[in-house]
Amino acid sequence: MSVVNNRVALKHLVSMEHLTNEEVMGLISRGSEYKAGKVAIKDNSRHFAANLFFENSTRTHKSFEVAENKLGLRVLDFNADTSAVNKGETLYDTVLTMSALGTEICVIRHPEDDYYQQLIDSPTITASIVNGGDGSGQHPSQCLLDLLTIYEEFGHFDGLKIAIAGDLTHSRVAKSNMQILKRLGAELYFYGPEQWYSSEFDSYGRYMAIDHIIDQLDVLMLLRVQHERHDGSQSFSKEDYHRQFGLTEERYRRLKDSAIIMHPAPVNRDVEIADHLVEAPKARIVAQMANGVFVRMAIIEAILNGRNENV
């Protein structure tokens, strides 16, 4: 991995922990340039990408697809439900096949934590791996689009007071963001149900009731309640969760005028956030979705740069 004259080159992108601060800022800057229409698109028609999603996805899957098409790559169709996976084919063998066919970039979402390790360690698989989300592990492209959204608003990260709120233990978005935001100098706070908090987060920030800090926040990053990863003992009624931990109208009014609200989506309306606040003036949820395309264009370009360096 390298950065030369703001040109980022990556072999893979699987975890925010593997990126330097310089690479992070380079990807954010490049995403911003794509958004502003300042980048001349090269002829990438000889490059193939495959989006291998083994969990449901709308924003990540489709924004990668849009990004790949905007860059002129050829995108291979893949549907896990109609693939050889249903005949017992492993993830490794699926990616091995894609690589053998000449696919250069595999964007993968999979329910297994760290699924990517066996792929990037393989001496046979030559495709570059972009992690579109692994279980409760990492979600680097979501983190980068979140960073772009924050940077557009404030122009820096150092000293910003940012609360990450909700289903922390099960959230790959939370883990990716807390790791890099701490490194970039942000002051982090966490809140949500105690059973969805882990002491491993203590090294990144402070666990605090939202009502004690909300009027000081620059960024309120809400997380989806991940019902699919819970057992019955962890359930709340929608009303109870919203009242205790959600962004209600009363809490919204206490935010600073300059504060912004974020959410990786999909949003459980009237659970994590009151329905009418999803598109409120302080909300940047739609902006995050739009920024996803441009950041993912920057990621794909960086992967192609890295592959060209190794030719």
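Yeah, the Cβs are placed from backbone N, Cα and C, and that goes for glycine too.
Among Arg30, Arg109, Arg243, only Arg109 appears in Swiss-Prot as part of the carbamoyl phosphate site alongside Arg59, Thr60, His139, Gln142, Ala265, Pro266.
In sequence order, Arg59, Arg224, Ile285, Gln288, Met289 constitute the residues six or more apart from Ala265 (carbamoyl phosphate binding site) in its chain with CB-CB distances below 8 Å. Using Arg172 (L-aspartate binding site) as the reference Cα, a 10 A cut-off selects His139 from the binding-site residues Thr60, Arg109, His139, Pro266.
A strand conformation is recorded for Arg109 (carbamoyl phosphate binding site) in the three-state DSSP classification. Across the structure, Pro266 (carbamoyl phosphate binding site) and Lys87 (L-aspartate binding site) are spaced 31 Å apart at their Cα atoms. A distance of 19 Å separates the Cα atom of Lys87 (L-aspartate binding site) from that of Arg109 (carbamoyl phosphate binding site).
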